[in-house]
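What TrEMBL says about this protein:
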BINDING   181, 183, 186, 191  Zn(2+) 1 binding site
BINDING   181, 192, 219, 223  Zn(2+) 2 binding site
BINDING   186, 219, 225, 229  Zn(2+) 3 binding site
BINDING   251, 252, 253, 320, 321, 362, 390  S-adenosyl-L-methionine binding site
BINDING   323, 389, 391, 396  Zn(2+) 4 binding site
DOMAIN    37-95  domain 'Chromo'
DOMAIN    179-237  domain 'Pre-SET'
DOMAIN    240-363  domain 'SET'
DOMAIN    385-401  domain 'Post-SET'
């Protein structure tokens with residue numbers, strides 16, 4: 001499905017809802033907010049006749065309904081804390097002077113400071129809503145957090161979270177499975193990997209034990225074994241809580257783990273829209289002009305198909321490149337044995353500490369070709385422009401391509 005962004009502002013939608021007495025949770029209009037006032041964020045600050053006042057944006061009400069309220073009447077310590085932190089952050093970055101003095105000895109903030117505080121508050125709300133949306137749509141237990149302490153960038157406007165491949169018309173990503181193993185306790189002599197001519201990919205601790213380049217064959221929906229089978233790892237989804245965060249060195253968004261990850265552990269799957277290589281070439285030319293695209297060639301057996309994660313994807317959409325990565329790409333087959341359409345799984349190459357950024361090498365075999373003007377952009381290898389690498393690794397090659 002293709003989506004069209006709403007052209008009406010949040011304020012306009014709130015006014016329409018109130019006029020028609022309608023509720024809409026996604027824009028802050030609930031039965032409670034229709035009849036009451038709740039502070040959404042604080043817009044400005046002044047001191048008048050020795051009393052402190054805040055300009056309040058009421059939740060579910062348009063900005064035209066903002067009012068000045070004395071601090072002693074406000075019961076929102078966290079919002080006041082956010083306001084003061086945003087103000088101090090702006091002042092420390094810009095090295096601005098003291099507050100302005102108006103008429104009747106009224107002290108007010110400079111307009112630029114108040115404007116920054118409002119933008120930061122709106123960003124905080126937008127990122128919170130995005131985080132809630134991501135966690136509603138994910139199909140795994142681990143949490144997804146969102147964090148931006150670097151700039152005023154909000155959620156991507158044209159990105160839709162999916163949990164599995166989204167095939168283009170005419171492409172079948174569920175093909176080739178008609179039977180499964182009969183193991184009562186996997187792995188047995190006739191388990192799925194051995195039937196395919198390979199060894200089991202995992203050890204008894206459910207950690208990867210095969211070398212890069214070898215495929216992973218997991219038990220499928222026809223198999224006799226249950227959900228606790230040691231050969232069902234990738235299909236269960238991301239087991240770690242992750243954070244999509246804004247990088248501070250111009251690499252856009254990145255992903256960091258919130259938990260320790262042991263060596264050879266499954267971390268996440270790379271998903272997106274599955275298209276033909278011909279369509280990938282066409283889109284790649286358009287994406288090059290925009291400077292932003294994510295194309296991943298499925299070249300385990302041939303180069304017939306490509307995964308495009310530009311508009312549809314999961315957390316892996318935001319994982320950055322590194323010349324010294326901590327993730328490795330593996331091809332996985334579960335409910336589809338078509339060698340042209342492997343699933344792409346990312347496993348840890350070493351122990352990864354909590355709070356550490358997750359990265360993989362875009363030039364890995366079966367990995368991504370990158371050719372945009374930022375680390376977020378990926379495109380076909382043909383007609384490429386050399387892109388400077390910002391990974392910061394000691395062994396950095398200097399360029400992403």
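Cβ from N, Cα, C; glycine included.
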*Rounded to an integer, what is the Cα-Cα distance in Å between residue 219 (Zn(2+) 2 binding site) and residue 225 (Zn(2+) 3 binding site)?*
8
*What is the three-state DSSP composition of the domain 'Pre-SET' (179-237), stated as helix, strand and coil residue counts?*
7 helix, 4 strand, 48 coil
*Take every residue in the domain 'SET' (240-363), average their pLDDT values, and give the whole-number result.*
92
*With DSSP, how much of the domain 'Chromo' (37-95) is helix, how much strand and how much coil, in residues?*
24 helix, 22 strand, 13 coil
*Per DSSP, what is the residue count of the domain 'SET' (240-363) in each of helix, strand and coil?*
18 helix, 49 strand, 57 coil
*What's the CA to CA span in angstrom from residue 251 (S-adenosyl-L-methionine binding site) over to residue 225 (Zn(2+) 3 binding site)?*
43
*May I ask which of the binding-site residues 186, 191, 323, 389, 396 is closest to residue 362 (S-adenosyl-L-methionine binding site) if we compare their C-alpha atoms?*
323
_Candidates 225, 229, 389, 391 (binding-site residues) - the one closest to residue 320 (S-adenosyl-L-methionine binding site) by CA_ = 391
_Those binding-site residues, out of 192, 225, 229, 396, that come within 10 angstroms of residue 186 (Zn(2+) 1 binding site) at the Cα_ = 192, 225, 229
*Filter the binding-site residues 181, 183, 191, 192, 223, 229 down to those whose C-alpha lies within 10 angstroms of the C-alpha of residue 390 (S-adenosyl-L-methionine binding site); answer none if the list is empty.*
none
*Express in Å, rounded to the nearest integer, the largest CA to CA distance found among the S-adenosyl-L-methionine-binding residues 251, 252, 253, 320, 321, 362, 390 named in the record.*
16
*For residue 253 (S-adenosyl-L-methionine binding site), identify the closest of the binding-site residues 191, 229, 391, judging by Cα separation.*
391
*asked:* Checking the contact step here: among the binding-site residues 181, 183, 229, 252, 396, which have a Cα within 10 Å of the Cα of residue 192 (Zn(2+) 2 binding site)?
replied: 181, 183
*Going along the chain, which residues six or more apart from residue 225 (Zn(2+) 3 binding site) have their CB under 8 A from its CB?*
181, 183, 184, 185, 186, 219, 231, 232
*Fewest other Cβ atoms within 10 Å: which of the binding-site residues 191, 219, 389 wins that one? Let me know.*
389
